[in-house]
Every structure is written in C-alpha cells, then in structure tokens.
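This structure is in structure tokens; I'll ask about it shortly.
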Amino acid sequence: MQSYKYDKAIVPESKNGGSPALNNNPRKGGSKRVLLICLDLFCLFMAALPFLIIETSTIKPYRRGFYCNDESIKYPLKVSETINDAVLCAVGIVIAILAIITGEFYRIYYLKEKSRSTTQNPYVAALYKQVGCFLFGCAISQSFTDIAKVSIGRLRPHFLSVCDPDFSQINCSEGYIQNYRCRGEDSKVQEARKSFFSGHASFSMFTMLYLVLYLQARFTWRGARLLRPLLQFTLLMMAFYTGLSRVSDYKHHPSDVLAGFAQGALVACCIVFFVSDLFKTKTSLSLPAPAIRREILSPVDIIDRNNHHNMV
C-alpha cells in the first residue's frame, strides 16, 4: 500500500524567531509612510509652482499688437461676470471632493473593498489617494493654463475698451499696430492680454470630466440604469455652460473656450487613466502554493518496479 507525504512551504524565520510579517518595525514603517507623504506633497507643490509664480509675481504677458479694423477686440467691458472665479473654484472643488468622500465611504464600508495601503484605516488611505490625484490634476491644469496665457498674450474681446489707446497718435494705414500706448489701468490692460486659453473652460472641464469618470468607476448601483448617465450629463452641461458664458461676457473668443475644453479633458483623462487607480484591474489575493505530494514506495514495490523495467 502506498503512503503519501505532503510538504508545506514554510516561511523563513527571522532572527527573533518569528515570521518577517510579524517582526516589522512599526517605527520604520511609520517613518517610511511620512516620507512618502512628504514626497507626494512635494510633487503637488512642483505641479502647482508655475501657477503660483505667475499669479503672485509681476510677470507680464506677451505684448501683442492689433489691427485697427479688428472687430473681434472691440466689444465693451462687462463689469459683472456670469460665473466669477470664486464661484468657479468653490463649486468645482467642493462638488468634486464631496463626491469623492461619499464614493470612497460607500466603497470601503458598504462594498467592503480592501485597500492595498498599510494604513490601519482603509478609508483614510483611499480618500488620500483619490483627493490627492484630483488636486494634482487641478494643479497641472492651472499651470498649463497660466503658462499659455502669458506666453501667447492673445487680446481679449474687450481689449480696446480696457486699453483705450490714443488713436490720434496711431497710423492705422500701417496695418498691424505694434507701437501704441494704453491709457487704461495697467492691471486691467495686462489682464486683457490673457485670452488664450480660457481658464474657466479648462478648470470646469477638468473637474466635471474627472467626476464623470469617477462616477463611471465607482457608481456601481444597477437599481436605476439612467441615474448615472443623468448625473454625468448634468456635470458636463455645467462645464459647457461655464465655458460658453465666457464668450457671452466678452472675456474670451470661441476658440479660447474650445482650447480650454480640450486641455481640461486631456488632463482629466491622463490623471484618471495613468495616475489614479480608478480603472485599474483589481488583483485577487495571492493563494499559497499547493502542497507537494510525494510518493513513498515500500521495498517490495521498489523490487517489483525494477523487475518490471528489467523485463522490458
């Protein structure tokens, strides 16, 4: 009768007599975690650095000339804005972060999904990753926008109203006018040179499209099939309305808004698919190696098997 022996894979013991998983130094793990958080914050700061420098310094946009008969820059200056900067930032950031907080809470505590992080609280780890990716995308989008504004210096539709050049000193027969002096307030004149591309369009498209993709990945409830598409449609319409309002307010040309939409959508897709883990395949927990079965033959069986081979 044959007997079998099963060999099990044994975890190598550490110097302290236990397994490595049980002998990790908590202080070492905590310091490593703090170091990684500091590295993330440094990357976030570097992504936002161009935006911070341009907004807080006296960097002036490129000084572009104009044509006297250019009707696209002769619109009046509207004092009030349909959607000002404060409303744009508040709505875009608050809605996105609230949606992420709710979505990650539902995923961790209701769906019981696990996090790969070593943090004891998986909800905090998931929230840190998703909010961090969103803010990183915001920083990149705004830095791209401000770099384009100061580098290109396209004139806004209300430029001549703000600049108020002295046409008595300008010879319009020369065609493209480069030598001119603005009599308007300098800060408003410099702002009127930042038409391309629309910051409202790029920021609103990034935040809303990021939320659309977040809902696509996290909103898994199948009770109402049209609820998720309705929410996604609403978010995109909010972004489109924000961009189109800039044309109605004479702040941007239509091409500025289209370029802003394209930039915001591109950054949102890159952040979602290449930085975050929203659409990455979930890996199952690794199973232990199967037991190895070894056949042990008795002396009689060995003799019989040898005789069989000799006869062959």
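Cβ atoms here come from the backbone N, Cα and C positions, even for glycine.
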Taking the topology from Swiss-Prot, would LEU111 and GLY223 be on the same side of the membrane?
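Yes, Swiss-Prot places LEU111 and GLY223 on the same side of the membrane.
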For the record in Swiss-Prot, which of the ranges 113-124, 245-256 is the region 'Phosphatase sequence motif III' one?
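Comparing 113-124, 245-256 with Swiss-Prot, region 'Phosphatase sequence motif III' matches 245-256.
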For the topological domain 'Extracellular' (55-85), DSSP counts of helix, strand and coil?
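Helix, strand, coil within the topological domain 'Extracellular' (55-85): 6 helix, 2 strand, 23 coil.
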Cα distance, HIS200 (active site, proton donors) to HIS252 (active site, nucleophile), nearest Å?
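Between the Cα atoms of HIS252 (active site, nucleophile) and HIS200 (active site, proton donors), the distance comes to 10 Å.
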Who sits close to HIS200 (active site, proton donors): which same-chain residues at least 6 apart have their Cβ under 8 Å from its Cβ?
ILE83, LEU88, THR242, GLY243, SER245, ARG246, LYS251, HIS252, GLY260
Hey, does the transmembrane segment (124-144) touch the transmembrane segment (34-54), meaning at least 3 C-beta pairs closer than 8 angstroms, sequence gap 6 or more?
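Answer yes, regions in contact.
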Taking DSSP three-state, what's HIS200 (active site, proton donors) in: helix, strand or coil?
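Where HIS200 (active site, proton donors) sits, the three-state DSSP reduction gives helix.
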Around HIS252 (active site, nucleophile), how many other C-beta atoms are within 10 angstroms of its C-beta?
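Total other Cβ atoms inside 10 Å, all chains included: 28.
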Using DSSP and collapsing to three states, where does HIS252 (active site, nucleophile) fall: helix, strand or coil?
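Looking at the DSSP assignment, HIS252 (active site, nucleophile) belongs to neither helix nor strand, so coil.
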